[in-house]
Amino acid sequence: MSLFGLKFGKKKLKEEERQLQANNRDFNLQFEYANNSIKTSKYNFFTFLPLNLFEQFQRIANAYFLFLLILQLIPQISSLAWFTTVVPLVLVLAVSGVKDAIDDFVRYEFLTFTLNFPCRLKEQKWMNVQVGDIIKLENNNFVTADLLLLSSSEPHSLTYIETAELDGETNLKVKQASWECSIDDNFLDQDFHFCFYLLFTGEVRCEAPNNKLDKFTGTLTLRGEKYALDNEKMLLRGCTIRNTEWCFGLVIYAGPDTKLMQNSGKTTFKRTSIDRLMNVLIFAFLGLMCLILAIGNGIWEHDKGYYFQVYLPWAEGVNSASYSGFLMFWSYVIILNTVVPISLYVSVEIIRLGNSFYIDWDRKMYYPLNDTPAQARTTTLNEELGQIRYIFSDKTGTLTQNIMCFNKCSINGKSYGMLCFSYSLGFHTEKVDFSYNPLADPKFAFYDRSLVEAVRLNDVPAHRFFRLLSLCHTVMPEEKKEGNLVYQAQSPDEGALVTAARNFGFVFRARTPETITVVEMGETKIYKLLAILDFNNVRKRMSVIVRSPEGDLTLYCKGADTILYELLHPSCNSLKEETTEHLNEFAGEGLRTLVVAYKSLEEDYFQDWIRRHHEASTALEGREEKLSELYEEIEKDLMLLGATAIEDKLQDGVPQTIETLAKANIKIWVLTGDKQETAMNIGYSCNLLNDDMEDVFVIEGSTSDDPGSAAIATSLHPLCQARSCCELALNTSSPPWQAYALEGNLELELVRTACMCKVVICCRVTPLQKAQVVELVKKYKKAVTLAIGDGANDVSMIKTAHIGVGISGQEGMQAVLSSDFSFAQFRYLQRLLLVHGRWSYIRMCKFLKYFFYKNFAFTLVHFWYGFFSGFSAQTVYDEWFITLYNLVYTSLPVLGMSLFDQDVDDRWSMLFPQLYVPGQQNLYFNKVVFVKCMLQGIYSSLILFFIPYGAMYNTVRSDGKAIADYQSFALMAQTCLLIVVSVQIGLDTSYWTVVNQFFIWGSLSVYFAITFTMYSDGMYLIFTASFPFIGTARNTLSQPNVWLAIFLSIALCVLPVVGFRFLKAQLKPTPSDKVRRNYLIKPEILLSMAWARWGAALHRLGSAWSVSPGAAIHLSPAPPRRRIEFGVWHGSNHLQLGPRLRLFRCGLDCSEAGKLHYF
């Protein structure tokens, strides 16, 4: 039974195992498997209104205003007209409802298009597909059920898929049908396949539905034989068929049972710290005021009201002073609700949306090479960008480019490969010419000829090394033109290694389920592929077992050095030491390393092993454990071949970005799966680590009792207390120690020690441990955190942090899809934080301070009036003024300030990262600032009440008529209020625009226009009950003494603020005050900074252009001018450095001294 989309009825039993038969719906229906109909839209025509309202009133603000509306409908409590709450509430609900309806309709349209797509020759729609059906898919079709691939139009039943919806990766992946199900390549006609699969009667037993995208365990029983099924034979919902004309598949999971739908959990709602603080402070202050006034009413009614009932009788049902006070409490909740008006929440959302658009429109964060702009994927976290204290960054693809290049290698104890340039030795190495190899990749670059000579001289270890690289991988080749090979690799590392083997004469040419074709030094060889021992995060290695054309059985293995070294034969010890030296050299240059090894197998042993392997692979229970034991058994006594070193270059601007963020007091932690040496050298190259750091601590261990683990609690913590300039490297290469450090008793000591360091680098961490590290800092430091990454392995870290940033790089879009903000390069992070984040935080803080001030000043006038009205909950202002105050009169000026204000521009924000520090300390809006706003509001409300009260007391007009009435007092008080808050926002505005001017003056003009219109005779005659203030405006505002009192109120409210701000700027200036005073007013200080910066730039310039030690750069100081330009002279050659350091490179003669010339 379904009611408003909610399911009721008998609870379905938990599924332990799935059993199905192909083309047998009667058999499959008995298990009541879910069909393929999925409902992702939340509403329909009948349920939209109740469900949407139910969702909206779950928000605290909407529920609060609904509660106020209910109170206003109670006659004994209500003191305001119902429309003062209904109008803004209906407006907000309507706007949100329309937005929700549009979003839901878009989801419905997409789902309708997908589920109505034809999927088989019988022209069934996707929604009618059931478990056990065999269906046909065509090129570019979406896969909307989890299928077992049976065959395809491609040779060897290969199918190319795009998995962007699953893991965000846009590179094509290859799936291959089990040979037991597929048809011979000689029968590629699709009609023949269709007829064949109409009679297909295989039975599948597999695991119950789960959310593990990378795992599938099952067996296929066909013609009495049992065959293993794994994830490589599955097409999951969310994939798209690419480069494949057609394919056939058997439905295993449908609808909500598919792995994609099993992963569609709810996203955690992230709220800013300002939101949380705002709710607590506002409602606490409101409750306190209402309580005071309610107590005052009870006392007044007890002392005076009880005896005054002849003239002012109590309301019906009120029989005691205490009960009257109770009712007045709720009456004042209605009147004083302007402390937290609904326009506050609307304005906050508009400000956040506007600041999000600034990020989207920022051309300085646009990356033209792949046409990628910055994107704010959420609009609720902008001001949090201005409060970041910890950044957790991935390394590969985030700090580096993730474009791998085979740079160096070690073969049989000899190191090969060198850099292109060597300034110290003074020579330039030419690229190796691979023209002798017609299948070489022309883009591949290598600079060591000795390795090519070794290969061409038939060096056995070199041949065996590159043969391993050409065989041990999961790469799929495409050759659409003869000799034009394109490799589809699931990781850039694998692609780089296979490309290297290709250029050195071992060309991986083709792959089938049973064979691998390699062209070795011009000779084509076909190896039989007998087994693939997959890579995973625990094994950290991959192996293949092949049989050569000569009949030799060989296991080839590649993996992490820490793992493979434990599996080597004792005879490799000497070679192991030499290779370790080379690995340390490679890691010292920031290269990514792998160790490669092999093992010759005996025929009898292998036949016994492969039999046990088949039994383990067809087991439904404990399959992974059984296979892991078999892998461990055969991967022993390996013979070491050498090691590979792959270069992953830093992205542009990474060192400068990290240096700038460090000056902003932001601590950066790098969480990487690389080895310690590689990570630390990348740390030095990107300015994370520098020579000024006195100590670099390395913690490693394998158990909780290891010295490395104990060092956290004993030696490191006291040392870090004494010295703040240190770096901590956590080497968690041993899985048990990771658990002890992150989850055991050491977690607090780990956080305390690490947070005292400037830089923390965690090596050998898994994706889960990245998230655990972030969670630890959130738990113990209570600081705002940001996680940035580019791959699917960074998603958990991105979701755990307060703010997640995704980089659209080489590892797909999964990180971007899970992030709050995204862009293409790491260097844009400094602009996101120091400019947009800082501006958003300052604007939001200014908005809140001003908004609370103007509403305290507005609302507290009611509070003081209560002492003169017997605490009767009578309002001071006209009801229409109360309604329009926040919606019309004061809404646009504060929005103008909150959307356009800047204390300093973007260039100064980047030049002085220290301006970011106040946001980290939350100095611009906290409890103290809130109390100051409250005190200013109390002071202003006293002035705004008692000055008009005194001016009106026993006052007459110039013609002798009295104006000392309630309506004249209310008009004068509200006019004073509006002018005062308008002057106040002028004082708060740092950056004036035409928009600000128009909003402020326009709001005042609108106020007087509406006031004179509503208080006119005509409006009274048309709507007598709604506009009772007839003639009040023209009678009151025409009196000089009224304007004199208004001017006095403005002066008394504003002058103390001006005086306080002047003294504060002189005695205790903010960082922004110091920058504006010292650098905008005194340009000679900026000039001296420019000399230092540009001198460093010229030093780097000289290094980049190989300036000889004899060359000199002379800085000639000159008086500051408005426009500053610089030039470098080298003999007759001149380099001009304009205001933006534009460099025009000429041919330099480095033998002559250089001079920096001012002109």
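Note: Cβ is positioned from N, Cα and C throughout, glycine not excepted.
Under the heading active site, 4-aspartylphosphate intermediate, TrEMBL lists D394. Within the same chain, residues at least six positions away from D394 (active site, 4-aspartylphosphate intermediate) with a Cβ under 8 Å of its Cβ are V670, L671, T672, K770, I788, G789, D790, G791, N793, D794, M797.
Same-chain residues at least 6 positions away in sequence with a Cβ under 8 Å from that of T396 (Mg(2+) binding site) are, in sequence order, N402, R592, D648, T672, G673, D674, G791. If you look up TrEMBL, you'll see D394, T396, D790, D794 marked as Mg(2+) binding site.
If you look up TrEMBL, you'll see D394, K395, T396, E494, F535, K558, R592, T672, G673, D674, R764, K770, N793, D794 marked as ATP binding site.
Here TrEMBL flags 21-86 as domain 'P-type ATPase N-terminal'.
According to TrEMBL, the domain 'P-type ATPase C-terminal' annotation covers 816-1070.
Residues or ranges marked as transmembrane segment in TrEMBL: 80-98 (among others).
The feature transmembrane segment is assigned by TrEMBL to 280-300 (among others).
Residues annotated as transmembrane segment in TrEMBL: 320-346 (among others).
The transmembrane segment annotation in TrEMBL covers 850-868 (among others).
The transmembrane segment feature in TrEMBL is assigned to 880-900 (among others). For the transmembrane segment (880-900), the list of distant contacts is 80, 83-84, 87-88, 338, 341, 343-344, 347, 350-351, 354-355, 843-844, 846-847, 850-851, 854-855, 858, 970, 974, 978, 981-982, 985, 988-989, 991, 993, 995-996, 999-1000, 1002-1003, 1006-1007, 1010-1011, 1014, 1026-1027: same-chain residues at least six beyond its ends, Cβ to Cβ under 8 Å.
Residues or ranges marked as transmembrane segment in TrEMBL: 929-949 (among others).
Residues annotated as transmembrane segment in TrEMBL: 969-987 (among others).
The transmembrane segment annotation in TrEMBL covers 999-1022 (among others). Same-chain residues lying 6 or more positions outside the transmembrane segment (999-1022) and placing a CB less than 8 Å from one of its CB atoms are 878, 880-881, 884, 888-890, 892-893, 895-896, 971, 975, 978-979, 982, 985-986, 1028-1034.
Among the features that TrEMBL reports, transmembrane segment is placed at 1042-1063 (among others). For the transmembrane segment (1042-1063), same-chain residues at least 6 beyond its ends with a Cβ under 8 Å from one of its own Cβ atoms are 936, 939-940, 943-944, 947-948, 950-951, 963, 972, 975-976, 979-980, 983-984, 987, 1036.
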*Residue list, the transmembrane segment (969-987) vs rest of chain: Cβ under 8 Å, 6 or more residues beyond ends.*
850, 853-854, 857-858, 861, 876-878, 881, 885, 889-890, 893-894, 897, 940, 944-945, 947-949, 951-952, 1000, 1003-1004, 1007, 1011, 1015, 1029, 1032-1033, 1036-1037, 1042, 1045-1046, 1049-1050, 1053-1054, 1057-1058, 1061
*What are the non-local neighbours of F535 (ATP binding site), defined as same-chain residues 6+ apart in sequence with CB under 8 A from its CB?*
R541, M542, G559
*Mind giving me a neighbour count for N793 (ATP binding site)? Other Cβ atoms within 10 Å of its Cβ, every protein chain shown.*
22
